[in-house]
Each structure stands twice: as C-alpha cells, then as structure tokens.
Amino acid sequence: MANPDHVSDVLHNLSIDPTTKALAPDSETKLQGAYGGNGNDFLLNDELVEATKIGKPSLLSKDGGVTKDKGSNLKKLGYQSAAYNAKGSYGKGAYAYGYYPPAYQYPRHGYTGSYASGKTNLQYQYLTQQGRSAGNGQSYGGYMDNIYSNYGMCGPYTNGYGYGSYGYDSWKYMPNWYAVNNTYKPRNGYHGYGKENIEGLNEMNRGPRAKGFNSQDGSKVMAVSLKEQRVTETEKLSEDVSLLDPKDYNKIDFPETYTEAKFYVIKSYSEDDIHKSIKYSVWSSTPNGNKKLDASYNEAKQKSDGCPVFLLFSVNTSGQFVGLAEMVGPVDFNKTVEYWQQDKWIGCFPVKWHFVKDIPNSSLRHITLENNENKPVTNSRDTQEVKLEQGIKVIKIFKDHASKTCILDDFEFYENRQKIIQERKSKHLQIKKQTLVANADKGVMSKINLVKPQESTTASEDAAALGVAAEVTKESKVVKETELPVEKNAVATAC
C-alpha cells in the first residue's frame with residue numbers, strides 16, 4: 001500500500017504526478033494500488049499537474065486510510081469513471097486535459113450528448129439558445145458529418161435527429177486537439193468542418209431529397225452550423241418566389257448527335273450554387289477555369305457549322321451528376337454576382353440548363369477519358385475536358401436515365417437557405433462596418449493623445465520669429481568673417 005501522504009498527489013485524468021510516478025504498480029504484476037493503474041509514461045507538465053490538484057475530490061478517508069472505491073476501482077490512468085453519474089454526464093471536480101482516443105468518451109460530453117452541470121468554457125452557446133438535449137444523441141460509434149449522415153444525407157433527417165458523443169467531429173471539441181492539428185481551429189467564432197463558410201452554413205453536397213423527403217410542402221429546413229445543429233420550422237415562401245417548371249428540362253427531343261461539340265466537367269462545392277445557377281442561368285468558375293472556358297467558347301463560335309459548349313455538373317463528394325447545361329455566352333471577367341455561397345468567385349457567364357437529373361456515378365463510371373490517364377469521367381477535376389465521343393455518350397445517358405429525383409425537388413429548401421445566407425451576410429457586413437468605424441475612432445483618439453500639445457501662435461508672431469532668426473544668422477556670419485587667425489602657442493585675449 002502506498003504512503004497516504006502521496007495519495008493526495010494522484011491526478012484525475014491522464015497521468016500521475018512525476019514525484020509519485022515511482023509508486024505506481026507495474027503492468028506486469030497486474031497490481032492496482034491507490035493510483036488505480038499501471039505506470040503511464042504520458043506525463044503532464046508541472047503547470048497542468050498543479051492545475052489538476054485544485055478542487056479535486058479527496059482520496060483519503062476520515063481515518064487517513066485509502067478509500068477502496070476511490071482507489072482500487074479506478075479505471076486505467078486517463079479514463080476516470082468515478083466522475084460520471086448514471087446519466088452519463090460529467091460530474092464536478094474533474095478536469096479534462098490532454099488527448100482522448102476516440103474509443104473513450106470525451107469527459108465534457110455525456111453518453112447522450114448532454115453537457116456538464118458545472119460551469120465550464122466548453123459549454124458552447126448555440127444560436128438557437130436551446131443547446132443539446134439529452135436523449136437526442138447517437139450513442140454508437142459511426143462517423144457523422146456536421147450535416148450529413150454516413151451516406152452524405154441531410155442532417156435534419158438522420159436517425160435520432162442529432163449527434164452524440166461519438167459523432168463525427170466530436171473530437172474537434174476536445175481542448176487539446178488543436179495542439180495536434182490546427183486545420184479545424186474555430187474561424188470567426190464558428191466551429192466547422194472543412195468547407196464551412198463564414199456565415200456558418202456548411203456547403204451541402206446533397207439535399208433532403210437524398211433520403212426520400214420532399215421539401216415542396218413549404219417546410220423550412222435549415223441545415224446549419226455546429227452551433228445550431230438542427231432547426232426545423234414551417235414557413236411559407238414569399239410571394240415573389242416562383243418555382244421552376246420541371247417541364248422546361250429533360251426534353252426527350254433533345255439532340256444527341258453532333259459533328260462538333262465541346263464538353264467540360266464542372267465540379268461545384270455545393271448544391272446551393274447549383275440551385276443559384278439554375279435559378280439565375282449563370283455560372284462562375286475559378287480564375288483559370290473561367291479563362292479556359294472563355295477560350296473554348298470563343299473558339300467554338302468561330303466554327304461555321306456550330307459547336308455548342310456543354311457543361312456536365314457534379315457536386316464534390318456527392319457521388320452523382322446533377323445536370324447538363326450549355327454555355328451560351330462569353331465570360332464577363334469584370335462582373336461578379338453576390339449570391340454565391342462564398343464571396344470568392346470573380347467573373348461569370350450565362351448558361352442554359354437542358355437536363356436536371358440525379359445521375360449516380362455508377363451509371364457513368366464506364367466512360368473513361370483518354371486525355372485524363374483513362375480515368376472514369378466521374379473521377380474528373382473542375383473544367384476537365386471530355387472528348388466528343390465520350391461527351392455524346394454522357395448526353396445519351398442523361399436522356400435515357402429514369403431518375404426519380406433532381407435538385408428541383410429541393411428548390412424551396414435551397415430558397416430558404418439562400419435567404420438565411422443573405423441575411424447573415426448582411427449582418428456580417430454591418431458588424432464589420434461598425435467594427436471598422438469603432439477602430440477608426442479609437443485610432444484617431446490614440447493619435448490625439450500621442451501628439452504633444454503646442455502653444456498656438458499668430459501669423460505675426462511666426463513672422464517675427466523668422467525675422468529674428470535671420471538677423472542672428474546674419475550677425476553670426478559677419479563675426480566669423482572678421483575673426484583673425486590665432487598664431488600657434490599664442491594666447492587669445494578675452495573679450
């Protein structure tokens with residue numbers, strides 16, 4: 001049995017005090033003493049060691065002996081179970097330091113997604129002011145995206161309507177994760193994964209139709225950031241919004257044979273931008289992509305027999321193509337529209353959508369591109385050119401494929417998301433403007449305080465001062481010219 005004087009130095013999370021590490025039982029003997037585990041080489045620094053000693057529950061009984069249920073029954077070092085209550089929430093007096101492997105529950109989250117009852121800076125305030133509710137979380141160890149389920153679907157429709165302690169991205173809430181990787185560090189106050197924009201709405205690769213839900217009933221489903229997780233409310237669209245007619249697309253008489261035509265794969269970051277493209281008949285690529293498409297369009301227009309430029313649209317990581325459009329005008333490099341989800345696209349060009357269908361990659365994977373190392377057309381980068389023969393095959397598949405879903409099914413869903421994004425952009429710009437004005441005012445006041453006050457003088461006083469200075473300079477010059485040289489070793493007479 002270890003000395004009781006040293007028992008009070010036992011840490012409650014990852015390791016033990018370096019001064020008492022020698023008293024830890026060896027793993028080979030399988031003996032567990034007051035420290036409840038075997039020797040752990042993962043030691044905290046002195047600062048964290050001292051921090052863990054503040055407010056910890058005592059391991060000593062009233063008579064000075066070791067409490068059995070607080071000593072011998074402890075789990076392995078770093079994974080204390082005594083602080084958990086029956087509901088899975090984390091009790092008071094325990095501190096979460098260090099990195100927790102995904103096989104173990106992170107202490108600040110309960111098994112049902114609930115948070116600690118005590119005050120802590122890890123209790124994030126959600127934009128909905130509702131927080132997470134116990135019982136809505138996933139308790140199994142699957143990987144869940146911020147919005148999508150394991151199949152890339154929309155978050156509001158996942159089983160359980162929530163994300164549990166073992167959910168995907170839960171590791172990013174661990175306090176020491178950023179010491180391992182800063183890739184997912186909070187930006188502008190938002191915790192997000194990968195391509196979350198500044199407004200907090202993640203880029204969606206597939207809408208609610210992917211799980212068989214139809215948003216045409218007027219339900220306003222907002223796929224939101226980690227701070228909002230889930231908000232569903234019913235709201236009718238404004239009267240000025242007109243729905244697109246599916247009859248305007250996927251026409252059976254669309255030509256599928258061409259002597260000359262150009263085809264390019266377009267990879268979008270989100271379906272939000274696809275929705276905007278169909279709605280406004282416009283598209284914008286990267287700077288290099290715009291140059292490439294503009295050159296191709298100008299070259300096609302010089303052909304006498306006509307040469308259309310077709311664009312095959314797909315959303316990154318969606319596993320499908322969503323439509324086919326035609327480039328009907330050159331790129332305007334000086335025009336930038338403001339309704340894209342991200343404000344980084346410069347220039348745009350008009351397009352006309354011919355097909356709006358969800359075509360799974362499995363229906364197109366057999367088409368390979370010789371100009372792209374014989375890779376399938378589904379494995380293409382943005383503005384990847386598709387030769388005429390392969391492009392015609394793609395058109396035939398778009399015509400013949402009996403798709404049951406398309407992005408038009410989620411039109412109202414994306415209309416509401418667009419409204420939310422625009423409102424947040426407006427608020428963001430307003431806050432940014434107020435911040436700039438406040439900083440400018442602070443800068444002016446700082447300069448005023450730094451400048452030493454000087455006595456004000458009139459114009460006549462300034463002129464008089466300049467005149468006196470001129471006279472002094474003139475007299476000094478005359479004196480220097482009348483001075484006689486002094487001989488060596490001679491003594492000058494005092495004036």
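Numbering starts at 1 and runs along the chain as it is shown here.
Cβ coordinates are placed from backbone N, Cα and C, and glycine is handled just like the others.
Owing to the predicted nature of the structure, the values given are computational and were not obtained by experimental measurement.
Every protein chain shown contributes to the tally, and the Cβ of Tyr269 (RNA binding site) ends up with 21 other Cβ atoms within 10 Å. What Swiss-Prot lists as RNA binding site is Lys267, Ser268, Tyr269, Asp273, Trp283, Ser284, Asn316, Trp340, Trp345, Trp353.
The domain 'YTH' annotation in Swiss-Prot covers 261-398.
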Roughly where does the domain 'YTH' (261-398) sit in mean pLDDT, to the nearest integer? 95
Look up Trp345 (RNA binding site) in the DSSP assignment and reduce it to helix, strand or coil. coil
DSSP-derived structure type at Lys267 (RNA binding site), helix or strand or else coil: strand
Any idea which of the binding-site residues Trp283, Trp345 has the thinnest Cβ neighbourhood at 10 Å? Trp345
Determine the most Cβ-crowded residue among the binding-site residues Lys267, Asn316, using a 10 Å radius around each Cβ and all protein chains in the structure. Lys267
